[in-house]
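Reading through the structure tokens given below for one structure.
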Amino acid sequence: MQNCGKTTFKRTSIDKLMNTLVLWIFGFLLCMGVILAIGNTVWESWTGKHFQEFLPGDDSHTNAVFSGFLTFWSYIIILNTVVPISLYVSVEVLRLGHSHFINWDCKMYFGGTNTPAERAAKRITTPLNIVITFHKKKTACVDFSFNPLRDTKFKFYDGNLVEAVKQADPIVQEFFRLLSLCHTVMPEEKSEGNLVYQAQSPDEGALVTAARNFGFVFRARTPETITVFEMGQSVTYQLLAILDFNNVRKRMSVIVRNPLGQIKLYCKGADTIIFERLDVSNLELMDITSEHLSEFAGEGLRTLALAYKDIDEDYFDVWMKKYDYVSTSMESRDDQLAALYEEIELDLKLLGATAIEDKLQDGVPETIACLNLADIKIWVLTGDKLETAMNIGYSCNMLRDDMNEVSSFQETHCWKCNNSSTAHIGVGISGQEGMQAVLSSDYSFAQFRYLQRLLLVHGRWSYFRMCNFLRYFFYKNFAFTLVHFWYGFFCGFSAQTVYDQWFITLFNIVFTSLPVIAMGLFDQDVNDRNSLRYPSLYKPGQMNLFFNKQDGSNLSDQQAFAVTIATSLVIVVNVQIGLDTHYWTAINHLFIWGSVAMYFALQFALQSNGVFGVFTSYFPFVGTSRNTLSKLNVWLVILLTTVVCVVPGLVVSFLELTCSPHKQTRFVTCS
């Protein structure tokens, strides 16, 4: 547990703004409570005393200040609905739905490896076939039939190297021996001779497979030994130490003892790092190898340098004692180990170099070009040589001929780079680069080109829906609560509720919850084809433009007034969400108009004579809806209220579209 890093809770800009708004709303609730409490104090002092003769109160009403104090807390309770407590649950429901839309998107499914897009880091067990490509001039394919343990899918076109191995050239054999020993690959032999290598990276798997075909077959590994079949003979090496690779060292070494008792160190890593540690007798070979590496890097190949060293027995015994001591140290262990590694990885003998083609997936250049049009900034972090990085940059449209400056930054300090687990959003590509990024990512899929659909379609839709959901959620809560605030000026600031208590309970749970959820799940202003066709539609989200800090028979009684206001409120908020919905589905229709129908059904049911007869004290609004909603003038009030509440928003939207085109329209025109 001590090795675990600090877990960072990921929050979007909308989350941060939402938290800020909730705090402001809570402050607004306190202000409303104070205003109404002051109003109660004034009313009790000036007017309330005249009602004591026929409406005698308790001792609290004789003290206007104390009455105002009690009224403050009463209104805090009544008006607490303005604070969107259920908002966070609803937001998580929407995010769960949005993540399932990504999982169910058939256009982000890759049939080649049977890999769908996935939300959150999950263990993926689909086997990935390693494609090994050697960048050589193709002549006749080399015959590896002399090796019964060869990989039949392996192709190679330079017979000279094979002949050198067969003729037992010591340098060539040491080269492939290093490849078969210096790695972290785990072998799996499903049947006799049927070897499958599990590698952390495709590069390691490719190099071990190459050594296998040239007669140095990595066969088995234990914590103390490594078994290699060298030209048909089983050879077991004693594994003495592993000097791990990291981003600072940029190399890996193993120390082994061969059957003859000789101790050898095998090292592979970045050419600049290896060259610094070579024996002075290797300078000429280093110059030749460096020229070859520059040529390989210019062709976009990833390169490594290989070197080895014979170690004296006495020297190794002393070094090993230091190593065992430092390995158990509790203070500065990493620094001490690094110093020990530096000590023994000196005076190396250069064996040669490897170069592996970094083949791009289909659609990478087109995807990067599209993301650039969406004004998405793209950085590429690589440990390759500058020539390799430039070649890859040109091949994937990151670099263009009209760019004059390309800079190389050499690391002088140890930097902690954000990986997919610490980034705002981590996306793992389950391609040939292993599964580490996938396992620590928020989203994963098999092809880089799917990133275009993830961001420009699902990402944009999610932002658009979430912003509309939040605006409407705050709107309906304010519409519901401010009626109580306004009514306080007409009821002597007595904290009298204007609504039926069951309407208060069911308003957010039943009458208005499903329409806003439907909008947050299914609404879309443009379809997926236009989202991909016009990448600049992604820009408003980057600028936070959609959601920010700037966006009875006698009808004179209180119960009839409450039913009229409640009915108007339900109709207004559902009509408003209908007008704000851009993309109608059957579910939207069902949730919006079904919520209105549910309101009327429950109103008539809860205010019926039968329910009142059974639960007299809980449903006092007996017959109110039946009497009130049967009057034409009530429906006229509801109609006028709806028009007054809705039309101003329509007028503003019309004027914005007519006089000042929407920002999205401008972005589409510019693109």
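From the backbone N, Cα and C atoms, a Cβ is placed for every residue, glycine too.
Listed by sequence, the residues of this chain that lie at least six past the ends of the transmembrane segment (21-43) yet keep a Cβ under 8 A from its Cβ atoms are 64-65, 67-69, 71-73, 75-76, 79-80, 82-84, 87, 474, 485, 488-489, 492-495, 549. According to TrEMBL, the transmembrane segment annotation covers 21-43 (among others).
Under the heading transmembrane segment, TrEMBL lists 63-89 (among others).
What TrEMBL lists as domain 'P-type ATPase C-terminal' is 438-550 (among others).
Remote same-chain residues near the transmembrane segment (469-490) are listed as 14, 18, 21, 25, 32, 36, 39, 75, 78-79, 81-84, 87, 90-91, 94, 496-499, 507-508, 512, 516-517, 519-520, 547, 551, 565, 569, 572-573, 576-577, 580, 645 (criterion: CB distance under 8 Å, separation of at least six residues from the stretch ends). Residues or ranges marked as transmembrane segment in TrEMBL: 469-490 (among others).
What TrEMBL records for 502-522 (among others) is transmembrane segment. Same-chain neighbours of the transmembrane segment (502-522): 81, 86, 90, 93-94, 97-98, 465-466, 468-469, 472-473, 476-477, 480, 562, 566, 569-570, 573-574, 577, 580-581, 583, 585, 587-588, 590-592, 594-595, 598-599, 602-603, 606, 619, counting only residues six or more beyond its ends whose CB sits under 8 Å from a CB of the stretch.
Secondary structure of the domain 'P-type ATPase C-terminal' (553-661), assigned with DSSP and counted as helix (H, G, I), strand (E, B) and coil, comes to 83 helix, 0 strand, 26 coil. Residues or ranges marked as domain 'P-type ATPase C-terminal' in TrEMBL: 553-661 (among others).
TrEMBL lists 560-579 (among others) with the feature transmembrane segment.
The transmembrane segment annotation in TrEMBL covers 599-622 (among others).
Positions annotated as transmembrane segment by TrEMBL: 634-655 (among others).
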Item to complete: Six or more residues out from either end of the transmembrane segment (63-89), which same-chain residues have a Cβ under 8 Å from its Cβ atoms?
Response: 18, 22, 25-26, 28-30, 32-34, 36-38, 40-42, 44-45, 48, 470, 473-474, 477-478, 480-482, 484-485, 488, 493-495, 497, 504, 507-508, 513
